[in-house]
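Asks: This structure is in structure tokens; I'll ask about it shortly.
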């Protein structure tokens, strides 16, 4: 799943980019290095000593040790020969002795059983990220690692018991990966932290007023089932064009395939086991740290999360470290420029702009307005952030669309693809015939199990008809002809998004959703429920284009691991169905357990729900409701976002990488920069680690980050259950200024 930052099109910062591809990609797999405590190291530590002090026993012990040393040395040499034999071979030549299972055998009950467990885990993680900051890193490597580890452990156990009937293959690993990514993708595209929760009464009150529709488990599940499968049917007929003819790169899918291929070789499996052990250690630490913090959160503004680490004045302006292992892990995953951009945005907004605008109270906006009133300072925070998001989104939409159209034009004219499109499979050796073997084998198997075009067309028409008939009953302001227009244009937009994602690894799902907000909202009008209609249309469009790009990524992964397109499609369908049930249930647990969910300043503020709702209000009402000079500032930041992108794209790569990203800068405008400090700390840890031992940091950095994210994320499950059961923490830890503390002491003493 591409990394998602709700609010616009954001580059897919694949977790795999943190890994050393040379260490994982085939066929150049490094030999394992003996670690202290390993079997080889143990032999070195106990060299045979031929002394007379022990008499015959000493000689016999020395001979035994000598024979053991020979045995270990021979074993090591055999292992090196086996692994060195892989050098010079292409990927498929390494796996030539393994039979490729049929597409039905790739779909195993154990694969979907383990996928179901992982889906619950990752839905909790994505939901927590959705409802806190909205920054969601790619969890592909985490899913691949955990899927490989769980199934490999289970099959090893069965094999020792003599009960193993079907070995664990890379194709089955790909099925698990596809299912988990599809399910966790619904947790994002379902809009639980954006458009869907933006319909709620809680968000409506923060935005002034207007129609609202509170979340209910039944209609959320029904809505997702109706709209989440259309994108899958829309791109199935074009899979050959995307993967075989155009040879689109799909960097995330390609990286995932290399990862899975590497797991199923001797050296790759050893590295994977070490990575999983590292992930488990930091998972345990993160989970226990979350549990420890819970004891000190008995009241409002209590606990380590409110520790004024940079001083009380900085704390008032959201500058503090909140001890979140989740965002330290996210910082280790995201590229340095993302974390720096978020911090710069926080300094610009909360360090400079908001304190200056606050001094204009009574002139630019009413002095009596509350901190959450959209006519006051809150309006500047929300709408300036929206302006930057839209500016960045519009620029990248035009850029990706222009690249897509120009690349298609080159392809259709029959030019060499290397001049117009990036090719995924760069030669791995000088022997082109070996590489041709891989390509021919992959193409043959990819085209073997066809998905009939009539099936895809019939599926799209059937689901669209059901959706058009039922959606107006869920959202009364979303008329059937609005939905029909969306479904007429949706396949084109889904193709453009999937094609652009294959070229650049950028997903424009959020941008297409915003277009639907403005178009359908303005069409419906304020008096006919335009706000809810726009938000619902956003959900329809986002789900279609997001699932379409996800499926084509999975087709690319399947192509490179010899997994059948049919098994990829079925796995995506099952994963999407799981997500349509699991994600609403997880959100419902949050919604019921945390009564202040979505409120500004709460543990789960859901910032993008407010932003999306105000986009809908802007599309319906226009600019009349904005505070004084807010529109001018919006124009400035909208233009600045475009200008920064132009400068970045016009510079050489070695300098462009230092230009901040407007999208990332916009995130803390509304929320505050506290999480940026966590993320920058994660970047600092990874940077220092890489300076000390780059190979180790490349190999184990993603595992450490994934453990920190997963442990803190899964802690939300027991914390939610405790909240629902009415179990409250025993201690409230607060931090007060000296003057306030003296006043409290006097009050308590009186």
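Glycine residues also receive a Cβ, built from the backbone N, Cα and C atoms like all the rest.
Found this in TrEMBL, in case it helps:
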type	residues	note
REGION	50-69	region 'Disordered'
TRANSMEM	107-129	transmembrane segment
TRANSMEM	135-154	transmembrane segment
TRANSMEM	175-197	transmembrane segment
TRANSMEM	217-238	transmembrane segment
TRANSMEM	336-357	transmembrane segment
TRANSMEM	377-398	transmembrane segment
TRANSMEM	451-474	transmembrane segment
TRANSMEM	480-503	transmembrane segment
TRANSMEM	515-548	transmembrane segment
TRANSMEM	568-591	transmembrane segment
TRANSMEM	630-647	transmembrane segment
TRANSMEM	667-690	transmembrane segment
Asks: Mind pulling out the one from 175-197, 217-238, 630-647 with the most Cβ pairs under 8 angstroms to the transmembrane segment (377-398)?
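Replies: Top-ranked stretch among 175-197, 217-238, 630-647: 630-647.
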Asks: Please work out which recorded stretch in 217-238, 336-357, 667-690 has the most C-beta pairs separated by under 8 angstroms from the transmembrane segment (568-591)?
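Replies: That would be 217-238.
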Asks: Take the transmembrane segment (175-197) and find every residue of the same chain, 6 or more past its ends, with a Cβ under 8 Å from one of its Cβ atoms.
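Replies: Sequence-remote neighbours of the transmembrane segment (175-197) are 1, 4, 6-7, 106-108, 111-112, 114-115, 118-119, 122-123, 125-127, 130-131, 134, 136, 139-140, 143-144, 147, 151, 203, 215, 220, 224, 228, 256, 260, 509-510, 513, 517, 535-536, 538-539, 542-543, 546-547, 550, 554, 557-558, 563, 567-568, 571-572, 574-576, 578-580, 582-584, 586-587, 598, 606-609, 611-612.
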Asks: Take the transmembrane segment (480-503) and find every residue of the same chain, 6 or more past its ends, with a Cβ under 8 Å from one of its Cβ atoms.
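Replies: Non-local partners: 2, 12, 230-231, 234-235, 238, 242, 246, 248-250, 400-401, 403-404, 407-408, 421-422, 460, 464, 467-469, 471-472, 509, 512, 516, 520, 523-524, 533, 537, 540-541, 544-546, 548-549, 551-553, 556.
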Asks: Mind checking which residues reach the transmembrane segment (451-474)? Cβ under 8 Å, same chain, six or more beyond either end.
Replies: 219, 222-223, 226-227, 229-230, 233-234, 236-237, 239, 480, 483-484, 487, 491, 536, 540, 565-566, 569
Asks: Quick check: do the transmembrane segment (667-690) and the transmembrane segment (336-357) share at least 3 Cβ pairs under 8 Å, counting only pairs 6+ apart in sequence?
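Replies: Counting Cβ pairs under 8 Å (6 or more apart in sequence), the transmembrane segment (667-690) reaches the transmembrane segment (336-357), since there are 3 or more.
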Asks: With Cβ-Cβ distances below 8 Å as the criterion, list the same-chain residues six or more beyond the ends of the transmembrane segment (630-647) that contact it, or say none.
Replies: 379-380, 383-384, 386-392, 394-396, 399, 623, 659-663, 666
Asks: Would you kindly list the residues that approach the transmembrane segment (336-357) from elsewhere in its chain, counting only those six or more residues past its ends and only Cβ-Cβ distances under 8 Å?
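Replies: Residues packing against the transmembrane segment (336-357) from afar: 13, 135, 317-319, 364, 377, 380-381, 384, 657-662, 664-669, 672-673, 675-677, 679-680, 682-683, 687.
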